[in-house]
(Lines of atoms letter the chains of each structure in order from A and count residues from 1; the text may use other names and numbers.)
(Lines give C-alpha, C1' and ligand atoms only; values in the text may rest on other atoms or scores of the structure.)
Protein backbone atom coordinates (compact mmCIF):
# COMPACT_ATOMS: atom_id res chain seq x y z
CA UNK A 1 0.00 0.00 0.00
CA UNK A 2 2.83 2.40 0.84
CA UNK A 3 4.51 1.59 -2.46
CA UNK A 4 1.34 2.41 -4.38
CA UNK A 5 0.94 5.70 -2.53
CA UNK A 6 4.57 6.65 -3.15
CA UNK A 7 4.20 5.79 -6.84
CA UNK A 8 1.12 8.00 -7.12
CA UNK A 9 2.94 10.91 -5.48
CA UNK A 10 5.91 10.58 -7.84
CA UNK A 11 3.67 10.35 -10.91
CA UNK A 12 1.72 13.41 -9.75
CA UNK A 13 4.90 15.45 -9.31
CA UNK A 14 6.22 14.42 -12.72
CA UNK A 15 2.97 15.23 -14.53
CA UNK A 16 2.24 18.47 -12.70
CA UNK A 17 5.87 19.54 -13.00
CA UNK A 18 5.86 21.23 -9.60
CA UNK A 19 8.37 24.04 -9.34
CA UNK A 20 8.28 24.70 -13.08
CA UNK A 21 10.10 27.82 -14.15
CA UNK A 22 9.87 29.65 -17.46
CA UNK A 23 12.83 29.92 -19.83
CA UNK A 24 12.99 33.20 -21.76
CA UNK A 25 15.25 34.74 -24.36
CA UNK A 26 17.23 37.59 -22.81
CA UNK A 27 19.43 38.88 -25.63
CA UNK A 28 19.23 42.38 -27.00
CA UNK A 29 18.76 43.18 -30.69
CA UNK A 30 22.50 43.47 -31.37
CA UNK A 31 23.80 40.50 -29.36
CA UNK A 32 23.87 36.72 -29.95
CA UNK A 33 20.84 34.67 -28.89
CA UNK A 34 20.88 33.72 -25.18
CA UNK A 35 18.29 32.48 -22.67
CA UNK A 36 17.68 32.76 -18.95
CA UNK A 37 15.59 30.75 -16.51
CA UNK A 38 13.14 32.96 -14.63
CA UNK A 39 13.42 32.65 -10.84
CA UNK A 40 9.77 31.72 -10.21
CA UNK A 41 6.79 30.21 -12.02
CA UNK A 42 4.86 33.50 -11.82
CA UNK A 43 7.13 35.26 -14.28
CA UNK A 44 6.39 36.37 -17.85
CA UNK A 45 8.75 36.46 -20.81
CA UNK A 46 8.71 39.88 -22.44
CA UNK A 47 9.90 41.45 -25.67
CA UNK A 48 10.06 45.21 -25.89
CA UNK A 49 10.84 47.03 -29.12
CA UNK A 50 11.23 50.67 -30.05
CA UNK A 51 12.94 52.97 -32.54
CA UNK A 52 16.12 54.66 -31.31
CA UNK A 53 17.09 57.30 -33.83
CA UNK A 54 17.07 55.34 -37.10
CA UNK A 55 17.60 51.89 -35.60
CA UNK A 56 15.07 49.50 -34.16
CA UNK A 57 15.95 48.20 -30.70
CA UNK A 58 14.72 45.03 -29.01
CA UNK A 59 15.07 44.01 -25.37
CA UNK A 60 14.03 40.58 -24.03
CA UNK A 61 13.94 38.92 -20.62
CA UNK A 62 11.91 37.80 -17.59
CA UNK A 63 9.55 40.05 -15.68
CA UNK A 64 7.19 39.46 -12.77
CA UNK A 65 4.58 41.86 -14.15
CA UNK A 66 4.01 42.63 -17.79
CA UNK A 67 5.10 46.24 -18.46
CA UNK A 68 2.23 48.51 -19.42
CA UNK A 69 2.08 49.99 -22.88
CA UNK A 70 3.25 53.57 -23.03
CA UNK A 71 2.42 56.24 -25.61
CA UNK A 72 6.11 56.77 -26.45
CA UNK A 73 6.11 54.29 -29.35
CA UNK A 74 7.45 51.37 -27.34
CA UNK A 75 5.84 48.01 -28.15
CA UNK A 76 5.70 45.37 -25.37
CA UNK A 77 4.78 41.71 -25.81
CA UNK A 78 4.37 39.34 -22.81
CA UNK A 79 3.84 35.58 -22.74
CA UNK A 80 4.21 32.61 -20.34
CA UNK A 81 5.56 29.74 -22.47
CA UNK A 82 9.21 28.75 -22.79
CA UNK A 83 11.11 30.90 -25.29
CA UNK A 84 7.94 32.62 -26.49
CA UNK A 85 9.57 36.07 -26.71
CA UNK A 86 11.75 35.46 -29.76
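Every residue, even glycine, has its Cβ placed from backbone N, Cα and C.
Annotated signal peptide per Swiss-Prot: 1-21, in sequence order, evidence recorded as sequence analysis. The disulfide bond annotation in Swiss-Prot covers 24-45, 38-62, 66-78, 79-84 and is backed by experimental evidence.
Features recorded in Swiss-Prot, as mapped to the structure shown.
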| residue | record | Cβ within 10 Å |
| --- | --- | --- |
| 24 | disulfide bond | 26 |
| 38 | disulfide bond | 20 |
| 45 | disulfide bond | 27 |
| 62 | disulfide bond | 21 |
| 66 | disulfide bond | 14 |
| 78 | disulfide bond | 16 |
| 79 | disulfide bond | 16 |
| 84 | disulfide bond | 17 |
Residue 38 (disulfide bond) as reference: those disulfide-bonded residues from 66, 78, 79 with C-alpha within 10 Å of it: none
Disulfide-bonded residues near residue 66 (disulfide bond), in sequence order, restricted to 24, 45, 84 and a 10 Å Cα cut-off: 45
Residue 78 (disulfide bond) versus disulfide-bonded residues 45, 62, 84 - nearest by Cα: 45
Rounded inter-Cα distance in Å - residue 62 (disulfide bond), residue 79 (disulfide bond): 10
Rounded Cα-Cα span from residue 79 (disulfide bond) to residue 24 (disulfide bond), Å: 10
Secondary structure at residue 66 (disulfide bond), reduced by DSSP to three states: coil
Rounded inter-Cα distance in Å - residue 84 (disulfide bond), residue 45 (disulfide bond): 7
